[in-house]
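Feature annotations, reproduced from TrEMBL:
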- 12-34: transmembrane segment (TRANSMEM)
- 46-67: transmembrane segment (TRANSMEM)
- 94-113: transmembrane segment (TRANSMEM)
- 125-144: transmembrane segment (TRANSMEM)
- 156-175: transmembrane segment (TRANSMEM)
- 187-211: transmembrane segment (TRANSMEM)
- 223-241: transmembrane segment (TRANSMEM)
- 288-309: transmembrane segment (TRANSMEM)
Amino acid sequence: MSHTQTTPWKQFDFVGTILGITASILVVFAFQNAGESEPKTWRCPIFIVPLVIGLACWLALFAWGFAIEKWFAHSIAPVFPIELLRNRRYARSMLTTFLLGYPYLLLIFLFPIRMQIVSGKSPLLAGLTLLPMLGTAAIGSMVSGKVNAVKDHLSGTLRCGSWLMGLGFVLLTTVRGPENDARALGFLAFVGFGFGLFTAAATNVISVDVLTRQKASAHGILAQARILGGSLGVAVSTLFLHTEVINRLPDILTPDELAFMEGDMRNLAGDSLEAVRKAYSSAFHKSITTAAVAACLAVLSTAFMSCHIRKRDIEQQLQATVPRSGQQRVVEPLIPLQDVTHSKSR
């Protein structure tokens, strides 16, 4: 009977965990705070200091990962294994997840606001307009699982998912006023279906390409990349919203109307209401344009992805299954989906 070795707490990567959390929080905080503050904040220490420290923590995290791999591989279980970056398909999946997380969470945050302010929908109906995207995301996940259940089509699924999301966001840049609401809902379906395809396939890449002892870290990195990209997307959209409100509305709305606008749009009418709608519509268009750029970069990231396992990779996997002297451990080697299929048919 085989026994799976558990990692003791003394091998926990406290340094890598602290660096990863600090880097993510400070970079997002810098942009989020700048988006909600005065325009001069970009040159203030409240923006520069967190951004510089956050970027330095990211560099330190990578340096710490290399240090663990070279000197502390047997004493510390890294939270960010550098070895994962040498797996080309997983590394591209991680990069693409970050790039697609930016537009996806931005859209979840911004689209209901647009429907409420620009199209005059109630808060409930504005939230329900996300259903085409959320529903097709679930369908995309099921389709991805079905397509890859028998044979490894993960690379093609990742490409199709990113292409559909890129198409959806490029089409969303054409959405302007309330007259475009119907087609905007159709464009959301492209985004949702592509997101479902990609997310399910990226998760399955870990099951197929990553060693068992690194699967937990691989899943965590993928989730963190998605949330980090999405947090930056929300921060950038907040920046555009705040900038449009500062630049357009003070010359048109009275201080009382600006105060009412923060709580209830029903107190505005005529030219004041139209000015608010134009400001929010402009902010939505600028935000979606940046989202479309990120989605197109994701398309390029998956353009030449392939399922190719080098001989050296296979040798490393086999070596990982051989226990060291004085140790009893079981490590699962990589099992391509094709091999699983053949073994079942015999």
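Each Cβ is built from the backbone N, Cα and C atoms, and glycine gets one as well.
All annotation found in TrEMBL is predicted automatically rather than curated by experts.
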Recorded stretch, among 46-67, 156-175, 223-241, maximising Cβ pairs under 8 Å relative to the transmembrane segment (94-113): 223-241
Other parts of the chain folded back onto the transmembrane segment (187-211), taken as Cβ under 8 Å at six or more residues beyond its ends: 84, 87, 89-90, 93, 96-97, 100, 103-104, 107, 111, 129-130, 132-145, 148, 152, 154, 157-158, 160-169, 171-172, 175, 218-219, 222, 226, 309, 317, 320, 331-337
Distal contacts, the transmembrane segment (223-241) - CB-CB under 8 A, six or more residues away: 20, 24, 27-28, 31-32, 34-36, 94-95, 97-106, 109-110, 113, 199, 280, 283, 286-287, 290-291, 294
